[in-house]
Amino acid sequence: MNKIKCALIGPGNIGTDLLYKLKRSPVLEPVWMVGIDAASEGLARARELGLKTTADGVDGLLPHVKADGVQIAFDATSAYVHAENSRKLNELGVLMIDLTPAAIGPFCVPPVNLKDHVGRGEMNVNMVTCGGQATIPMVAAVSRVQPVKYGEIVATVSSKSAGPGTRKNIDEFTRTTAGAVEKVGGAKVGKAIIILNPAEPPLIMRDTVHCLTETEPDQQKITESIHAMIREVQKYVPGYKLVNGPVFDGNRVSIYLEVEGLGDYLPKYAGNLDIMTAAGARTAEMFAEEILAGRLTLESNRAVLA
């Protein structure tokens, strides 16, 4: 079967974990890994897996995009460089899946709004953040039952799973996640907090979601909605679990989650990376299926719907 060829930018924790997932994909074929350090472990690992590599950043990839048929690129670098990376690749008709908190394209949380983006012919979609991917489905599960006036999420991840890129982008993480809690989750006001826990052995990713509903919460409907949404997320992140809740206290609905990774590249405690890379891969697969079916054509700076 034909596969859509992909490039990965950023051979760090997220880029490397994503590479393993793309290797299993029925519709995506990773062919390039882009970095900036010739001695990086991630580039060496990509070469071992048969990918072409460059240590000259995106500029090292551009001359090969057309020849190697690259149609989708994943950016797992940093919010600071993403806009330029996206501009250069969009011009060549490459669809960009943004795994940084840059958020220049629309937010995408697969179980909530992935289908909308595929039908709009976007050239850049943003995967929010790991905390956003884990918690926004829960905010959306409450807000689809009744209006949420405030949504707050707290993502706790092990220090070991947060590489230099994540640490550089902490402020962007909180801003981008809070924005997506509102735009995708449906809360009128959103707030996001990230905690890096240095405990050894490293702790699994844990997330807490608090929603304040405008009227008294319909406990049965909200509980059913949350359980249905958990099942949707588990389709691509099997280690996504409801640990406690929903707990109702007046108008507050609290949900406690745990995310265990598949252990593709980093150990299973790094569910924060896993949910991000799984969501990115799921999103790209959805676009790839549309391209393969002839319903979507990528051109310079635009995606044309059939």
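In case you wondered, yes, glycine gets a Cβ from its N, Cα and C as well.
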Checklist entry - Can you pick which of ASN251, ASN272, ASN301 Swiss-Prot lists for the same NAD(+) site as SER161, ALA162, GLY163, PRO164, GLY165, THR166, ARG167, LYS168, ASN169? => result ASN272
Checklist entry - Using Cα coordinates, what distance in whole Å links GLY165 (NAD(+) binding site) and CYS130 (active site, acyl-thioester intermediate)? => result 13
Checklist outcome for this item: Taking the centre of the Cβ atoms of SER161, ALA162, GLY163, PRO164, GLY165, THR166, ARG167, LYS168, ASN169, ASN272 as the NAD(+) site, the remaining residues of that chain with Cβ inside 8 Å are GLY12, ASN13
Next on the checklist: To the nearest Å, how far is the Cα of GLY163 (NAD(+) binding site) from the Cα of CYS130 (active site, acyl-thioester intermediate)?
Outcome noted: 13
Item to check | SER161 (NAD(+) binding site) and CYS130 (active site, acyl-thioester intermediate), distance between Cα atoms, whole Å | outcome: 11
Next on the checklist: What whole-number value in Å do you get for the largest C-alpha pair distance within SER161, ALA162, GLY163, PRO164, GLY165, THR166, ARG167, LYS168, ASN169, ASN272, the residues recorded as binding NAD(+)?
Outcome noted: 16
